[in-house]
Amino acid sequence: MAVASVLLALFMLFLSIVTVIGNLAVLLSYYLDKNIRQPTNYFIFSLAISDLLIGLEGIPVYTAFYLNNNEWIWGDVLCDLWLSIDYIVCLASIYTVLGITVDRYYSVKKPATYRNWRTPGRVVLIIIFIWLVPSILFSVSIFGYGTFTGTGRILKETECYVQFMTNPYLNMGMYISYYWTTLFVMLYLYWGIYRAAKKLALKSDQKTKRLALLTEMRRPEVSVRTSDAGNSSSDSPNDTSNSSKCFRTAPPTTTVQTTQTNVGTPPPVFRNHMTLHNNNMDFTKDNEIVRPPTPPDDNTYSNPNFSMISEQLTNGFSRQEPSSVIERESTAPCVSPEPSHASLENEFNENHHAHFKPELSLPFIDADSVSSMVGHDDLRRAMSIRISRSVSMQGTARATPVIEIVENLEEALKICENLEELREDENKNEEEKQKNGLENGGMNHVIIANDEQQPSTSKESEQKEEMTPENHDPNEVKVPLIAVSRVESVKSTAGGKVRRLITQMRSHSIRSKRKANKNKSVLSALNFFQRKKEYKSRSENRARKALRTITFILGSFIILWTPFYVLATIYGFCETCKASPSFNTLYTISYYLCYMNSPLNPFCYAMANQQFKKTLTRIFKGDFRRV
């Protein structure tokens, strides 16, 4: 028993020292840091004073009284004085926590109005009222209880506790009035702070998403429109004189005859950024877009990679008519078929120019764009790209690259992967293909068709190709880039309806300018995000900081103070509990728990407020400079 008493005394002494030092550091931080000397922190200053007094008189005196077998040996006056100070400080702590909760609540709910109202003088008056009410209440009830009741002092000489505890109804009424009512008010305010903080956070997230969407829409990307059906083929006249042209430089190549093998790997897929308009493009009567021809050659080129794919051109055209207009901005890749294979090393004629590889580029709608377009039955069909090259087995036939718009994204992705493998093989054999001359003929066609299959989600190619206008070659041939501007239903020569792409030419300089504008818009968006972050720190962070402060302070307050008031209420109604050692032990523990809140509060400030944390850390390191 003696060892336990010594250990308890040492622990309580340590707890008292920690309480005094911690709260003195909080008070000192007000003197050292002007940023802490704000009206909202006056309540924390008041709470630190009450905790300091508990560390000076509450913990050591009650420990001595408990170790002396709950016998008071210092007289009645000191007993009443100690009880008065102890209860006044404890109730002042309760009301101070209530003041902190109310202050944080109005700081979040009505920030502008409350900040104008919350002047230093008014906050000081509130703190004075917080201390004045407990002082009057407990001074009168403790010192004057015998006088008001007419019974005089009813305690023995060795007893020391408040006399109104002997009246269970008065005792319970006082506890309900100044603790339980206050506790429920604080919980209600805490719930209001939580809802306000959550609402501000949700509003901030919605603004951020809208900002991201606007930033995405500002980028120069592909916009695909679907117009109403009923348009005929005369809606797009064969006139491209007013269209600006976007050329991709490609070195010459020739066509040679090869044996047909299994399907190889098509060329890679590149991503192309363009904003499209409803300009016109030359169409043939068979809905073919005529590309610039290449010079004829005696040899013919038959690539098995494209021959097998060309057999798939027999797919039926879609007869579905769009019924609404949808605009979508997304990044669409370009398909650039480049024939390359190990067996093509002799495909060039020595009289031809070197590096001629006509690249056919057609942006297509990616999977994300397709998924966003699905809104009606007539719009649920999306497009992907299938490439084939029609090969003539005649002596002077020319290779005709064909692009078919289909709706099977999985097959298109597989073809795109094969394109990448052919691209790698072509790079390996590039030195062997350094021949002079131009290819004979080579009319480029684009045939548009739709299958009845629905698109399936797939990953889009992540590769990009940036064309630089600086690398010019006299032998280079400029091949125009085809940019999709509108998808509409037209009537074919057979009377059926097919979907046709109205295309236009865009110049490379315009694309370069758009790239620069894109970078500029990204920088502007970053600046806007930075300003958004600053605004967020002034509004949403205020609510989050208030919620964090109240969570630590109010949470520790409820956990540590509630047990005492529960047992104290029972103590007034239970006569047998007073003589029960186990109940008295629980009562003593609950009393100590109330004291335990005082050394924890400084750490709660540090965890809830970064400015307090910085200043307290500086104080404990021995830095007492005033800033």
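The backbone N, Cα and C atoms fix where each Cβ goes, and this holds for glycine too.
Values in this document were obtained by computation on a predicted structure and should not be read as measured data.
Per Swiss-Prot, the cysteine from CYS79, CYS246 that shares a disulfide bond with CYS160 is CYS79. The topological domains that Swiss-Prot gives for GLY144 and THR615 carry different names, which places them on opposite sides of the membrane. In the predicted model, residues of the topological domain 'Extracellular' (144-172) average a pLDDT of 85. Note: CYS79 (disulfide bond) has non-local neighbours TRP72, LEU155, CYS160, i.e. same-chain residues 6+ apart with C-beta under 8 A of its own C-beta. Per-class residue totals from DSSP over the topological domain 'Extracellular' (144-172), listed helix then strand then coil: 14 helix, 0 strand, 15 coil. Around the Cβ of CYS160 (disulfide bond), 22 further Cβ atoms fall within 10 Å across all displayed protein chains. Remark: the transmembrane segment (550-570) contacts the transmembrane segment (82-102), by the rule of 3 or more CB pairs under 8 A. Here the topological domain 'Extracellular' (63-81) is broken down by DSSP into helix, strand and coil counts: 11 helix, 0 strand, 8 coil. With a cut-off of 8 Å between Cβ atoms, the residues of this chain six or more beyond the topological domain 'Extracellular' (63-81) that come close are 5, 8-9, 12-13, 142-143, 153, 155, 157-160, 584, 588. Residues of the topological domain 'Extracellular' (571-586) grouped by DSSP class, helix first, strand second and coil last, total 13 helix, 0 strand, 3 coil.
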